[in-house]
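Data first, discussion second: the structure below is written as structure tokens.
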Amino acid sequence: MGSSGGPLYIGFDLSTQQLKGLVVSSDLKVVHIAKFDFDSDSKGFNISKGVLTNEDEGEVFAPVAMWLQALDAVLQDLKHQGLDFSLVRGISGAGQQHGSVYWNESAEEILGGLDGGKTLEDQLQQALSYPYSPNWQDSSTQRECDEFDAFLGSEEELARVTGSKAHHILRFQRKHPDAYRKTSRISLVSSFLASIFLGSVAPFDISDVCGMNLWDMPMNRWNERLLKLCAGEAGPEELKKKLGDVPHDGGQELGKISSYFAKRYSFHPDCAITPSTGDNPATILALPLRPLDAMVSLGTSTTFLMSTPQYKPDPSTHFFNHPTTPGLYMFMLCYKNGGLAREQVRDAINATSGEKTDPSNPWSNFDRVLLETPPGGQKAGSGPMKMGLFFPRPEIVPNLGEGEWHFNYTPGQANEELKETDEGWTHPRDDARAIVESQFLSLRLRSKELVHSPSGGVPPQPRRIYLVGGGSRNAAIAKVAGEVLGGIEGVYKLDVGENACALGAAYKAVWALERAPDQTFEDLIGRRWREDEFVEKIADGFQPDIFEKYRQAVQGFEKMEKQVLMEAKQ
């Protein structure tokens with residue numbers, strides 16, 4: 001990485017556990033990266049894994065002041081690296097989805113009048129009506145989610161109208177009525193980021209707004225009925241003022257950078273601020289993702305993303321407007337129990353293994369056991385498959401409380417059997433393959449209506465599987481991804497996979513400011529994107545016999561989920 005004399009663009013990624021700032025040049029070369037890890041780098045916040053928790057009510061939230069501290073630190077780090085801020089032409093960002101920030105009536109004045117001699121943390125806390133932001137792992141809103149479902153008649157109808165299902169504003173105005181009354185504007189985490197750089201409360205992004213359950217996707221406007229439910233006594237017009245208008249162009253210039261940053265860091269006064277999007281929409285912008293390509297983000301959560309022209313909402317999935325391209329949608333599956341659940345199994349294997357754990361690779365025992373276990377955990381070709389659900393936190397898909405379930409499944413029309421049992425299981429050894437398979441089987445089950453055959457005689461599946469996030473470094477997990485999900489062209493890793501959100505945000509800024517009239521993101525970025533530099537094939541994809549075995553496993557997995565759900569309701 002080195003300096004560049006041409007225009008530069010910054011993409012920020014404000015995720016659950018860290019803030020990253022990534023700088024690219026016009027030709028998409030990464031020239032600087034800075035990051036701030038909340039657990040190890042923040043001072044004065046009693047957090048764990050980036051959040052505070054109230055276990056009694058299932059609340060998970062983050063102190064907004066910590067994010068301000070992180071932004072101060074990341075900008076200072078970029079300065080120390082030698083970034084010439086005067087060359088930065090545009091800024092965009094990515095924010096963890098479903099989190100909200102509450103501004104008070106002094107916010108505009110404070111944002112617009114920051115003192116260049118002081119930090120953001122010292123000045124902006126006074127602009128908030130509530131000091132915390134709910135996190136996507138929060139499970140305190142089940143009552144509110146159920147009300148949203150019932151309000152439009154069913155969860156299927158809510159999914160059809162809004163692209164997904166459920167939100168925190170309804171709970172916030174009930175639990176903190178005084179803070180809600182003092183709230184003049186509400187931001188998502190993404191628009192909060194943009195607001196700081198803009199020096200004014202920024203509008204929502206056309207894609208990220210779809211995660212609020214208030215945006216009518218077929219009509220592309222606020223849904224008046226859902227606003228009424230969410231607004232409480234103050235009424236829908238008051239809530240609409242707090243939410244603001246939403247520009248439909250994901251590349252629109254919102255304005256120039258706040259004078260605070262020009263004074264403190266020597267940004268050029270003409271540096272443009274563009275809409276910041278959600279972390280998941282930003283991830284699909286980290287490469288020109290084509291329809292039928294799938295991206296799997298293996299981070300704290302497990303997330304499956306596809307770009308598709310088809311709008312086929314379902315209560316267990318999320319659809320969003322594409323962050324840059326009208327006429328395309330982003331399909332998303334998001335699971336709370338991703339990396340944290342895999343880590344629990346890893347730790348159990350390390351604790352019981354006779355092998356010494358390599359401190360430089362704590363996954364070595366897990367990977368070895370995973371690869372030694374045959375697909376489906378079948379000891380013999382005709383033996384039962386081992387299946388499980390591993391939820392250390394309450395899960396969204398399926399909607400279940402925390403717990404762990406183990407099943408044996410024998411496929412076949414004549415002798416099919418599904419049985420909840422630990423018979424034949426060796427814990428935690430068998431859990432390694434079972435947990436990885438369970439996460440990928442759920443993805444295959446829920447994406448099957450959106451994939452089709454990539455070539456004659458080949459069963460429906462993605463064309464390519466791209467892995468991003470921390471788990472993308474794990475070759476054993478990548479191998480199982482290809483076995484379960486297919487991918488006729490194989491499984492690939494983005495070589496900056498852990499920086500995918502920040503990279504997508506930076507690309508979005510490049511496109512917003514350098515596009516020709518009507519030029520799409522896919523066209524501009526596709527012309528500059530060098531696949532051989534950014535992508536590495538790390539595993540085989542479609543293998544006919546194993547893919548067929550997992551087709552049978554999907555049937556058992558679906559039945560297992562239904563049985564556990566039915567028992568949970570009793």
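Backbone N, Cα and C define each Cβ position, glycine as well.
Quick look at what Swiss-Prot annotates:
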type    : residues                       : note
BINDING : His98, Asp279, Asn280          : substrate binding site
BINDING : Trp363, Gly470, Gly471, Asn474 : ATP binding site
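Ranking the binding-site residues Gly470, Gly471 by how many Cβ atoms sit within 10 Å of each one's Cβ puts Gly471 at the top. Less than 8 angstroms from the CB of Trp363 (ATP binding site) sit Arg346, Asn474, Ala476, each of them six or more residues away in the same chain. Distance between Cα atoms for Asp279 (substrate binding site) and Gly471 (ATP binding site): 17 Å, as a whole number. Highlighted in sequence order, Leu298, Gly339, Arg342, Ser472, Arg473, Ile477 have their Cβ within 8 Å of the centre of the Cβ atoms of Trp363, Gly470, Gly471, Asn474, the residues recorded for ATP, and are not part of that set. The Cβ of Asp279 (substrate binding site) has 29 other Cβ atoms within 10 Å, all protein chains considered. Listed binding-site residues: Asn280, Asn474. The one with the lowest count of other Cβ atoms within 10 Å of its Cβ is Asn474. Cα spacing between Asn280 (substrate binding site) and Gly471 (ATP binding site): 16 Å, rounded to the nearest whole number. Of all Cβ atoms in the shown protein chains, 25 besides its own fall within 10 Å of the Cβ of His98 (substrate binding site). Gly471 (ATP binding site) falls within a helical segment according to DSSP. Following the DSSP three-state reduction, the secondary structure of Trp363 (ATP binding site) is coil. Spacing of Gly471 (ATP binding site) relative to His98 (substrate binding site) is 23 Å (Cα to Cα, whole number).
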